[in-house]
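**Q** This is the structure I want to talk about, given as structure tokens.
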Amino acid sequence: MAEHPYVPQSLHLPGYVPMQLSVIEILSGYGLSSLGVVLLVWFVSGQFRHLRGVERTLMCWWAFTGLTHIILEGYFVFTPDFYKRKPPNYLDDVWKEYCKGDSRYAARDSTIVMVEGITAVLEGPASLLVVYAIATRRAYNYPLQLAVCLGQLYGCMVYYGTPLLDGIEYTTAGSFYFWFYYIFMNCIWVVIPSLIALRSWTEIVRQFEHKKGKKQ
């Protein structure tokens, strides 16, 4: 049986197939595809003359995060045998690489699977709906953004909080996996949703106060 690179080594992964792609290939593939999505949405959003720069930027973010939730996280949730698939595809290797930073994914930790399942099935499509709502100035634009951001922040709290309560160290192979995969890549979904949630809350309050002022 092939040894896996995760901790603990006692983690039972029968039939584990080593990665076929290099770290550079994995990260560059994700980076370039994400950049392609952002550039496409930025170009398309430019056709809507009523949109401001900040709204176009938000559309890019929501398209990026929505597709990440649906494609990457959805694949993890619905492909429990990703670590032993032959031949492995790109997404298999993405998750085998990420598991070096958090082996709960390889172990199919129930909390992780549930959090990622909710993220992929609910927050992913809702993020894409936000893109449409911003472009068409729908009334539910800001409430939907706030709701999805709160869902993302809650998921991150559970993600970071459960290891602290369990007292388990999941990182492997040095500080790179801890700081880049576990901390940095997940903190993106802490910082940006926090800023968007604050902006959405402020806008919702402003609109209510505006309507209240009109009635008076």
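Including glycine, each Cβ sits where the backbone N, Cα and C put it.
Relevant sequence annotations retrieved from TrEMBL are reproduced here:
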type	residues	note
TRANSMEM	20-45	transmembrane segment
DOMAIN	54-197	domain 'EXPERA'
TRANSMEM	57-78	transmembrane segment
TRANSMEM	112-135	transmembrane segment
TRANSMEM	142-161	transmembrane segment
TRANSMEM	176-198	transmembrane segment
**Q** Going by DSSP, how much of the domain 'EXPERA' (54-197) is helix, how much is strand and how much is coil, in residues?
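**A** Summed by class, the stretch gives 113 helix, 0 strand, 31 coil.
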**Q** Looking only at the domain 'EXPERA' (54-197), report the model's average pLDDT.
**A** 94
